[in-house]
2 protein chains.
Amino acid sequence: MNIYKSKSKEGQKFLKKIISRQIDMEGDTLFEVKKILDDVRKYKDTAVKKYTKEFDNVYLEDFEVKEREFDFAESKVEDDLKKAMKKAYENIWRFHERQISKGFEIDIEDVKSGSKYLPIEKAGIYVPGGKAAYPSSVLMNAIPAKVAGVKEIIMIAPPSKDGSISNEVLYGARLCNVDRVFKIGGAQGIGALAYGTESVPKVDIITGPGNIYVSMAKKLVYGSVNIDMIAGPSEILILSDGLQNPSYIASDLLAQAEHDELASSILLTLSMTEGKKVSEELKIKVRELPKEDICIKSLENYGAIIVCESEEEMVEIANKIAPEHLEILGFGKGISEKIRNAGCIFLGEYSPEALGDYIAGPNHILPTNGTARFFSPLGTDTFMKRMNYISSTKEGLENLKENIEIFAKKEGLIAHERSITGRF
Amino acid sequence: MNIYKSKSKEGQKFLKKIISRQIDMEGDTLFEVKKILDDVRKYKDTAVKKYTKEFDNVYLEDFEVKEREFDFAESKVEDDLKKAMKKAYENIWRFHERQISKGFEIDIEDVKSGSKYLPIEKAGIYVPGGKAAYPSSVLMNAIPAKVAGVKEIIMIAPPSKDGSISNEVLYGARLCNVDRVFKIGGAQGIGALAYGTESVPKVDIITGPGNIYVSMAKKLVYGSVNIDMIAGPSEILILSDGLQNPSYIASDLLAQAEHDELASSILLTLSMTEGKKVSEELKIKVRELPKEDICIKSLENYGAIIVCESEEEMVEIANKIAPEHLEILGFGKGISEKIRNAGCIFLGEYSPEALGDYIAGPNHILPTNGTARFFSPLGTDTFMKRMNYISSTKEGLENLKENIEIFAKKEGLIAHERSITGRF
């Protein structure tokens, strides 16, 4: 992996490349996805069948997963994984239960008002298929929705060529009491959830990451439904004070790199010596991995070790990158307080990213690609909305009457003014 | 205004039309807006100048509002409006201060984790121009951002033909300590905020309603920045138990109708007699309004009085319509607890919508067009994001170690597994 000094020309160039990385939402893909969505809106199940044949290479007359398929899946999942999933379920539930937003009521000049938080009624969750069919993604998507009080959860996932969905994913859906599961992926799946078809119910919100087609489709249906965020390539940024175990650092960089050739794994360290040691460790460790090729490409294109001059410089770079995962190794306690943009912070040498991927409790569906500047991790509030209310007595309205009239007149809204004056 | 019985064919048809009303985000407009955004991304200020000339009929070499323009605006705004705006500022601030989400920390099997809420750094707020240049919109947009702790607020508004922005809007911006104001509107304004130009800084979130070009542009830049919601036509739904003052009801329906020919004003009542009285009142009152023509078109196309058979039926219809504004007149106290979808509820005969438009405290930027099913009113949390963290000891990681290994192996992520085992 390349080692740069932070102030060097190459270091600056690399950082600029990472910070300005945009999801390619351009031209052709946009129109292609728009066409798929329009077709699904118009031709419903017929269009879904067509695109499933085209993209997933399987013709399905009926997309919905049946009870016997869930039974079969449950019989095939190994006991130790079932146990692990149940433990994860418990911890994820505990964390997200604490995240429920509470409403309030306030009295302002004898007018009562407040905010209430209510569950969104129907949620559609997208679980990627193929090699990325992770049972942990089902848990991370469905549990916050259940905790929020969503009435109906519809899950979709792309089918394999044989028309099946992974047993682990189906078992996860059953474990989380997902109401219905459909074997539909891609933009056609997002369209089916957003507009409804003969077989798929229209939902109010769609969550969960997917490929570029899924992301683009989520963006285009936004407004007809709500969505959680737009997902891009995933990344880790590690900050080290230079006194850390290089083996731990290398293993965490690789755990990110093995996800995807587009994944980004970056170390910021205060020590060139540590940087070099980590680089050596990477060379050894990567050879032992089944996903060696993916790791090498990812580290070459989007990975780097950057030797910084100060803690302050590191914090500044971290806030600019706004990484999905941020590990902080060493330093005094105050450093994490300076981090303003990150999906999830992992503090200390015994908090590797993998701890957060499965079982610690917090969600692993996090804002990627710099969007932690403004998006939040998936959470309970993703599946809730706020509603305001106002309740005034005659005295309360009288207190504010004059000022309302001034505003309304100035804004040329005479019916507004009369709706107040007419009451006195 | 048409009076229907809820179960009649015409009543059902009208309700279906309202519930299925979609913002027209189709074909040509999408491509037109995409072209404007691409141009702004590529040619920056040059493109903004071109489109401002084209759409706002004014050529501006410099878009930024200058100190002397603020001074001039302040000197022109009448004292009584200044006083009303200051009072509104105070009440809106008090309400939104209560809305700040609080983080938490939890200990799960010796692993500490939690969520923190942090302000988004830079916000862009859109204030419509022309006839809809309302100072109240500035307050409703900017105050929650300030309360949230946003560091820099950039406001944009379309210029008039003479290159100015309304004095009241500029005074509002100064009152709210908005950092910079630019005279740019439409899709080109949204593009400038999302991508940045030579003169306009790139922001992290864009809020505030606008016309169809603005809405479409917000949708297309979503992901490069966050946005608050997609706004459509505005609406009021009034529920009456049949024992209310028909004059109040008529005046509140008109206060909605005068906004826009596309606005929707609907009364659900338990009494045909009341319905007829309201209809009579409307006929008289509408003639006295300067915006009579707009009101008539709005009431004819998107307005109705619907006589329902029961309170339960009304609640069901209200939850389906998911109105921006919902007035509840009469009934027992429990009825508002059954409302699941609405932007803001106005309870009782002395809580007309106009009270919430300006000064009660709650925000007037609300989800419209049925999106209250899944969007929230603009609020403090619109300008904040959540960040998670995990902090484990060696013992904590050891407690969860085995289960992480099971997950990682099953998901084929061997580097994940090794990042755990390598620490023991």
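Heads up, the Cβ atoms here are built off N, Cα and C, so glycines get one too.
Among the candidates B:Ser234, B:Ser279, B:Ser391, the residue that TrEMBL names alongside B:Gln256, B:His259, B:His325, B:Asp357, B:Glu411, B:His416 for the substrate site is B:Ser234. Counting every protein chain shown, the number of other Cβ atoms lying within 10 Å of the Cβ of B:Asp357 (substrate binding site) is 26.
Chain A comes close to B:Asp357, B:His416, taken from the recorded positions B:Asn211, B:Ser234, B:Glu324, B:His325, B:Asp357, B:His416 by a C-beta to C-beta distance under 8 angstroms.
Looking only at the binding-site residues B:Gln188, B:Asn211, B:Ser234, B:Gln256, the densest Cβ neighbourhood within 10 Å occurs at B:Gln256. Across the structure, B:Asp357 (substrate binding site) and B:Glu324 (active site, proton acceptor) are spaced 12 Å apart at their Cα atoms. On the backbone, the CA of B:His416 (substrate binding site) and the CA of B:Tyr126 (NAD(+) binding site) stand 45 Å apart. Across the residues annotated as binding substrate (B:Ser234, B:Gln256, B:His259, B:His325, B:Asp357, B:Glu411, B:His416), the widest Cα-Cα separation comes to 57 Å. Taking the mean position of the Cβ atoms of B:Tyr126, B:Gln188, B:Asn211 as the NAD(+) site, the remaining residues of that chain whose Cβ falls within 8 Å of it are B:Pro128, B:Ile156, B:Pro158, B:Gly185, B:Gly186, B:Ala187, B:Gly189, B:Ile190, B:Gly210, B:Tyr213, B:Val214, B:Ala217.
Classification of B:Asn211 (NAD(+) binding site) by DSSP places it in coil, neither helical nor stranded.
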